[in-house]
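Read the structure below first, then the notes.
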Amino acid sequence: MNLVSLQNWLDNASFAVLFLTMLLYWIGAAFPGLPAINALGTAGMAIANLSIATLLGARWIEAGYFPLSNLYESLFFLSWGITTVHLIAENSSRSRLVGVFTTPVAMGIVAFATLTLPSDMQVSEPLVPALKSNWLMMHVSVMMLSYSALMVGSLLAIAFLVITRGNNIQLQGSSVGNGGYRTNGYRLMKAGELVSQPATPPVENNGFARLESQNNGNGNTAVLNLATTPQATTLTPTETLSPQRLSLAETLDNISYRIIGLGFPLLTIGIIAGAVWANEAWGSYWSWDPKETWALITWLVFAAYLHARITRGWQGRRPAILAASGFVVVWICYLGVNLLGKGLHSYGWFF
């Protein structure tokens with residue numbers, strides 16, 4: 001089997017494996033009592049990761065340069081990065097729910113590259129003069145890895161919003177994931193429930209108070225509210241989160257923060273490397289090319305996210321919404337500007 005045939009087989013195999021893996025993760029989420037299904041999902045993601053890595057390696061050997069010169073190659077590198085970050089996030093969170101959100105994205109990317117792009121864009125071609133530089137690997141690979149990490153982190157933020165149904169849940173963990181009302185039989189009640197509390201509750205957590213009601217046979221109740229709440233407050237009843245759902249939400253919030261914290265410095269390094277390469281190739285560090293502009297917008301969005309988490313102490317819904325918007329911004333930066341068909345970075349134009 002020659003390298004071209006191997007690549008054709010591997011790209012189709014990667015799509016098939018990711019499709020089956022997506023189904024396994026969805027079945028595992030629908031029927032949590034089947035741990036073998038979840039284990040098979042993890043194995044499928046690892047197999048897909050290895051298949052894509054083998055495809056990229058074969059293409060590297062065939063073409064003689066790092067396979068990031070066109071849209072087809074970058075899409076597969078992006079899907080490889082997403083599967084890699086997925087495996088890291090899943091191992092860190094010990095939650096198979098991560099795959100419910102990341103696998104469809106990885107599969108969609110592979111499907112787009114394999115089934116949508118014309119065949120002439122899937123063939124290795126000699127590098128254009130502007131890409132004949134050692135900066136190709138340094139700049140493009142780091143940018144693609146940053147996109148992968150930021151996408152996965154944003155997907156986990158979207159998963160957090162789904163788990164909490166978009167409600168503003170107050171988490172007791174720090175920005176690096178310590179603490180939280182997820183043990184000792186407590187459940188966290190949201191604003192809107194009927195609560196009865198003493199006139200002067202003990203103040204904790206920068207103005208928030210932890211209040212406990214009597215045991216009613218269903219476990220104690222932990223209520224997080226402002227310390228200035230009067231002795232008895234009647235609010236409109238709302239649905240509470242189960243301890244399991246609350247614990248999962250806190251885990252997703254923490255893992256999302258950590259993954260984005262990994263992707264942001266990669267994005268910073270990639271932008272700096274690109275500026276140096278641009279000066280070497282075109283005589284200017286920054287030319288406000290559409291790709292450069294959206295890379296800066298992406299950097300600002302996630303810089304705001306990390307600033308809100310680290311400096312302002314934001315957790316829960318607000319940073320999750322910001323990260324979810326970052327998911328859209330990353331896609332515009334990576335693929336949207338290529339659809340414009342103009343600019344110094346329009347190598348991926350395919351219409």
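Cβ atoms here come from the backbone N, Cα and C positions, even for glycine.
Annotated transmembrane segment per Swiss-Prot: 17-37, 38-58, 68-88, 97-117, 143-163, 259-279, 286-306, 320-340, in sequence order.
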Ranking 17-37, 68-88, 97-117, 143-163 by Cβ pairs under 8 Å to the transmembrane segment (320-340), which is first?
143-163
Report, as numbers and ranges, every residue of the chain located at least six residues beyond the transmembrane segment (143-163) whose Cβ falls under 8 Å of a Cβ in that stretch; write 'none' if there are none.
68, 74, 77-78, 80-82, 84-86, 89, 97-98, 100-102, 105, 245, 248-249, 252-253, 255-260, 262-264, 266-267, 269-271, 274, 295, 298, 302, 316-317, 319-321, 323-324, 326-327, 330-331, 333-334
Same-chain residue ranges lying at least 6 outside the transmembrane segment (68-88) that approach it to Cβ under 8 Å:
11, 14, 18, 42, 45-46, 48-49, 52-53, 55-56, 59, 98-99, 102-103, 105-106, 109-110, 112-113, 117, 121-122, 125, 127-128, 131, 136-137, 140-141, 144-145, 147-149, 151-152, 259, 262, 334, 338, 347-348, 350
Could you pull out which residues elsewhere in the chain have a CB under 8 Å from any CB of the transmembrane segment (259-279), counting only those six or more residues past its ends?
85, 88-89, 133, 135, 138-140, 142-143, 145-150, 152-154, 156-157, 285-287, 292, 295-296, 298-299, 302-303, 305-306, 323, 326, 344
